[in-house]
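Novice: Structure incoming, see below.
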Amino acid sequence: MAPQPTETVDTATPPPTAVELTGAIARIREYLERCKPATPCLVVDLATIRERYEELSQAFAGAKLYYAVKANPAREVVRLLVELGAHFDVASPPEIDLCLAEGARPEQISYGNTIKKRADIGYAYQRGVRLFTTDSDADLEAIAEAAPGSTVFCRIVLADTGSLTPFGHKFGCAPDMATQLLAKAAELGLTPAGVSFHVGSQQLDPRAWDAAIEQAGEITAKLAAEGVELTMLNIGGGLPGRYSRPAPPLADFAAAITASVTKHFAAQPRLVLEPGRFLVSDAGLLRSEVVLVSRKSTVDDKRWVYLDVGRYNGLAETENEYITYLLSTPGRDGETGPVCLAGPTCDGDDVLYQHNVYRLPMELRAGDHVDFLNTGAYTASYSSIAFNGFAPLPTHCV
Ligand SMILES: *Cc1c(COP(=O)(O)O)cnc(C)c1O
């Protein structure tokens with residue numbers, strides 16, 4: 001792990017009032033007061049997800065939105081998005097079953113994982129799924145055999161996109177190979193839909209999509225010259241949630257992406273988006289309890305604050321401190337001081353923030369609450385094993 005630059009996240013100034021006053025936080029706090037669920041827990045405000053979905057539908061009018069289920073697979077979340085008419089990007093048979101159980105039709109599901117067993121492709125096909133993403137010859141052949149006649153996207157790999165949580169080189173292939181695979185898809189009796197890519201999650205730069213859209217436009221033009229028509233373009237996920245580093249507004253992303261598509265495509269393709277974080281992150285609040293506040297020496301002014309939530313039961317995205325959540329300590333304000341924040345397990349890596357210096361109230365004590373704001377994405381879904389006896393993070397929806 002590369003050493004991280006030291007940066008101060010000033011929670012002495014509480015999260016901006018605009019955040020404090022959101023209906024979401026008020027509704028979630030009301031639920032927490034009324035029901036007093038055991039901590040740690042994630043509470044999700046469904047109305048916020050509805051708002052984000054509508055905002056995104058308006059910003060990208062005419063696009064098809066496939067919710068990346070891994071961001072938050074709570075049944076209530078999937079059911080709400082089914083009601084709103086969303087489509088779903090899934091990565092495994094259990095995610096297919098989840099979407100179908102909550103009322104999605106198989107035509108609304110895209111199997112977007114390029115890494116899949118042939119048996120899992122067959123399972124998806126048998127359940128009615130007809131849309132897949134591929135990035136290799138072997139996977140394409142498996143799709144042609146186990147899911148004949150299906151439609152496929154081909155994912156291209158991107159150079160560094162400046163994302164805080166990039167996908168690296170695990171997924172996608174070079175543009176030349178993508179061109180070949182899409183042409184071969186047609187020969188194998190599949191329908192080649194278009195190019196797909198992912199600019200990395202929590203992408204803060206609206207221009208990050210441009211290079212990939214340009215490559216997709218070139219591939220589409222090359223194949224058109226060979227008589228293979230691609231009608232779609234899948235621009236993946238990456239739209240940001242609200243953490244300590246401010247993100248540009250959605251309108252900036254929509255304007256930049258729309259301009260790139262117009263510039264690089266001769267005929268406008270139907271856009272596909274695979275939003276995960278953007279739809280659910282701002283809807284969640286993770287409530288934790290302080291287990292211990294201590295100091296490591298009599299001269300060190302930094303306190304260690306140990307919480308009942310950590311790296312293994314909800315806050316996996318604090319790895320490398322890439323995602324710096326906004327914090328709030330209800331009922332405790334007043335003078336603050338610097339802290340290291342850590343989780344409850346006996347694992348030396350179960351430290352949330354020590355390079356980013358958070359400040360919390362001096363009067364913070366064991367038993368107090370620390371709320372992590374905007375934690376609806378990639379928290380409960382990463383918390384699947386009761387490591388060291390600490391249970392996976394439960395989700396409550398309001
Ligand atoms: C995880 C994932 C997404 C969602 O990414 P976000 O950054 O959360 O929007 C979209 N598409 C694919 C293929 C993914 O794996």
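Just so you know, glycine gets a Cβ as well, placed from its N, Cα and C.
Summarising the annotation, TrEMBL assigns active site, proton donor to CYS346. According to TrEMBL, the feature domain 'Orn/DAP/Arg decarboxylase 2 N-terminal' maps to 46-281. Positions annotated as N6-(pyridoxal phosphate)lysine by TrEMBL: LYS70.
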Novice: Between LYS70 (N6-(pyridoxal phosphate)lysine) and the residue listed as 'active site, proton donor', what C-alpha distance do you get in Å?
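Specialist: Taking the Cα atoms only, LYS70 (N6-(pyridoxal phosphate)lysine) lies 27 Å from the residue listed as 'active site, proton donor'.
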Novice: Can you check what DSSP calls the residue listed as 'active site, proton donor', collapsed to helix, strand or coil?
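Specialist: The three-state answer is coil.
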Novice: Who sits close to the residue listed as 'active site, proton donor': which same-chain residues at least 6 apart have their Cβ under 8 Å from its Cβ?
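Specialist: For the residue listed as 'active site, proton donor', the qualifying residues are ASN388.
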Novice: So for LYS70 (N6-(pyridoxal phosphate)lysine), how many other CB atoms are inside 10 Å of its CB?
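Specialist: Cβ-Cβ neighbours of LYS70 (N6-(pyridoxal phosphate)lysine) within 10 Å number 19.
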